[in-house]
Structures are given as structure tokens and as C-alpha cells.
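Trainee: Take a look at the following structure, please.
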Amino acid sequence: MLLYILDLVGVAVFAISGVLAARDRELDVLGVIVVAAMTAIGGGTLRDLLLDRHPIFWLTDTTYLVVIIVAALATIVYVRYRPAPLFSLRVADAFGLALFALLGASYAEAAQAPALIVILMGTMTGVTGGVLRDIVTARVPLIMQREIYASAAIAGVAAYLLMQALGLPQPVAFVGGVIVVVALRLGALRWNLHLPTFR
């Protein structure tokens, strides 16, 4: 039940980031909702496909789609009267990345995948929605830039596994992993930290 609630929260947060990314692209309301949906369920869809979890989560539980539509419409109304600063997109994206990365890792762990696959699955679940969002809104995906983005997801999932190996309960490790991802992502934005580029 807890994972389900967190999944819905992650969907809402990523839907919000999708709307914020689309707000200056002159899309109609339907177009904005489509971007929000791709951002919100892209990572989870890839997760379910790779883990052979059928049917895909949002095809049988329309609550996800309702959450996306409500979150998107609420954000559209909000930014119409109170324009959101760019940093709001980054914050929403950081929390979405963290929640989805740890959820992807949890599902992979439940499927008894080895640690390396758990890290890979968590990272892919976390970043896929953002990649789709950036591509559709004609931006260079963050994982293709010097941003500490995918690396934050990797570190968070690795910390999650390490904390469990040290004997911490899974829920505590989950929260710890989320904190690591968010702290790394927002810290990198706050102090303008980047990964080195290959030359």
C-alpha cells in the first residue's frame, strides 16, 4: 500500500514537472496534459516492460491517469495566475526523480533482481520520464548534459541497498535513498556542480 501511495505521489510530481516544462512551448491544454502524462508514466511503463510486469500499471488502474489530469490542470491554473520560477521545475523534477528511482529499485528488488540490475532499473525508471519530457518539449535531456542527474539516482539507489545491507528496515532505507537523490540534485543546482566532460 505504501509503495502504491508513493507511486501516485511520484506520478503527480512528475506530471507537475511536465506541465512546467511545457508552459513556454505554446501548447494547448491537451498538449500540455500529454506532456505531463509522458513525463509521469514513461519511467514506470519502461520499468514494467523490463520486469515483465503485466498488465502495465496504468492500463488497469485509472487512478494514475486521474492523478495526472488533476495535477496537470491544477498546475496549469496555478501558473496562469502565479508564474512558476524555473527552480520550481528543478525541485519538482528532483523529487520525481528520487521517488521513481527508489520505486523502480523496490520493484526490481521484489523481483529478486541482483544488486546491479536493481540500480540500473531504479535509474532507468527515474530518468525515462524526464528524458521523454525534454525531447517532446525540444530540450536537450538532462542526462545528456553535465548535470548531476542520473548519477544522483545511481547514488540514491546504491545508498538504499547499502542501508539495507547494514540492517536498516526497508522503509527507512527507502526514505534515506530519496533524501540522497534530492540532496545531490538540489545541492548540485544550488552550488552549480557538474560532472566533468569528456574532451
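A Cβ is built for glycine as well, from the same backbone N, Cα and C atoms used for every other residue.
Annotations for this protein, taken from TrEMBL, read as follows:
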- 4-78: domain 'Glycine transporter' (DOMAIN)
- 6-22: transmembrane segment (TRANSMEM)
- 29-50: transmembrane segment (TRANSMEM)
- 56-79: transmembrane segment (TRANSMEM)
- 91-108: transmembrane segment (TRANSMEM)
- 91-164: domain 'Glycine transporter' (DOMAIN)
- 114-136: transmembrane segment (TRANSMEM)
- 148-166: transmembrane segment (TRANSMEM)
- 172-193: transmembrane segment (TRANSMEM)
Trainee: What residues in the same chain, six or more past the boundaries of the transmembrane segment (56-79), come closer than 8 Å to it by Cβ-Cβ distance?
Mentor: 7-8, 11-13, 15-16, 18-20, 23, 29, 32-33, 36-37, 40-41, 44-45, 48-49
Trainee: Considering only Cβ pairs within less than 8 angstroms, which of the stretches 29-50, 114-136, 148-166, 172-193 has the most against the transmembrane segment (6-22)?
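Mentor: Maximum Cβ contact count belongs to 29-50.
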Trainee: Near the transmembrane segment (91-108), which same-chain residues lie under 8 Å Cβ to Cβ, leaving out any that are not at least 6 residues past its ends?
Mentor: 3, 6-7, 9-10, 13-14, 16-17, 20, 39, 43-44, 47, 51, 53, 117-119, 121-127, 129-130, 142, 149, 152-153, 156-157, 160-161, 170, 174, 177-179, 181-182, 185-186, 189
Trainee: Restricting attention to the domain 'Glycine transporter' (4-78), give the mean pLDDT.
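Mentor: A mean pLDDT of 93 is what the model gives the domain 'Glycine transporter' (4-78).
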Trainee: State, in range form, which of 29-50, 148-166, 172-193 has the highest count of Cβ pairs under 8 Å to the transmembrane segment (114-136).
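Mentor: If we count Cβ pairs closer than 8 Å to the transmembrane segment (114-136), 29-50 scores highest.
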